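Here the structure comes first, spelled out in structure tokens, and everything after it is commentary.
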Amino acid sequence: MDPWMLLYLIAIVKSSLAADTEERLVEHLLNPAHYNKLIRPATNGSELVTVQLMVSLAQLISVHEREQIMTTNVWLTQEWQDYRLTWVPEEFDGMVKVRLPSKHIWLPDVVLYNNADGMYEVSFYSNAVVSYDGSVFWLPPAIYKSACKIEVKHFPFDQQNCTLRFRSWTYDRTEIDLVLKTDVASMDDFTPSGEWDIIALPGRRNENPADSTYVDITYDFIIRRKPLFYTINLIIPCVLITSLAILVFYLPSDCGEKMTLCISVLLALTVFLLLISKIVPPTSLDVPLVGKYLMFTMVLVTFSIVTSVCVLNVHHRSPTTHTMPPWVKLVFLDKLPALLFMRQPRNNCERQRLRQRRRAKEQREGAAQGPR
């Protein structure tokens, strides 16, 4: 016989024997005569079932600031002991591990308590890895949408602290004890986010002193926003548009574009304020600093519009049509020049010369406009 054919036949025989061994082991473990998946793996009613939890962050999908929801792709590792799923490896050709469908064995009903979309459980029931000593390792993937309180004060240079709180839905601490496998969540398979940086992922076990049956596992997702996008598209344009409001006071008094420039700047700031209101949540607890900056700038621009109106009104007045009120003379000719370190004409001759110069200027302007 060909040696290659002999090796091929030996491989087929071994694979069939291995398949038969695994089939016998699965039938032995899941035999309805001695295994009921509805009963927790405890020898008596007072025995605790210890479940070790660990979260592995695969991806930070999004943080919806307006709805205050964080969407994450996590792997929720769960380990516990089930004395009914034990066997002697020598009786099954040295097999020490087997994979069983998770829906055919008892599972701890650990759910996300601060869920925000109604899907409390995992999204895919993967197989559970069972060892010969009864230890069960289950690693289901899940996409969670958790409620997250958004702090908007320092937007877009903000740092958020969102939590994932896990707890058994029906079992209390007298039946299931939840413990942390590690103090921090794993990031071994993490895909970086283009909007957020992960600062820390600490985990903690919470107990309620007033309720001895309460226990939960909470992971804090401390994240910091990458501000480059909002700096280029929001902060820098706001600063540049605000600086245009200063140029209003450099335009001549008889320039009609003073009002046009002021109103254009005011409308541009209003648009940016509306953009911010579409991003941040509609809360009255706090206002972003950039929103306060825009509001303060809008007040200043509005004040500059009022000032420009007054300047244009005074500029187009003449002594023949308007008489200067006494209070205007007192404030603007006597008091205000001293505060602004302005020199007043000292005698009547100098004043008369200034009046003649102004009249000559008006006559030249009138003569230039006459032929038109």
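Placed from the backbone N, Cα and C atoms, the Cβ positions cover glycine too.
A TrEMBL annotation is a machine prediction, not a hand-curated record.
The signal peptide annotation in TrEMBL covers 1-18. The domain 'Neurotransmitter-gated ion-channel ligand-binding' feature in TrEMBL is assigned to 22-227. The transmembrane segment annotation in TrEMBL covers 228-249, 261-281, 293-314. Positions annotated as domain 'Neurotransmitter-gated ion-channel transmembrane' by TrEMBL: 234-358. Residues annotated as region 'Disordered' in TrEMBL: 350-372.
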Intrachain residues whose Cβ lies under 8 Å of the transmembrane segment (228-249), provided they are six or more past its termini: 155-156, 195, 258, 261-262, 265, 268-269, 272, 275-276, 290, 293-294, 297, 300-301, 304, 308
Secondary structure composition of the domain 'Neurotransmitter-gated ion-channel transmembrane' (234-358) [DSSP: H/G/I, E/B, coil]: 92 helix, 0 strand, 33 coil
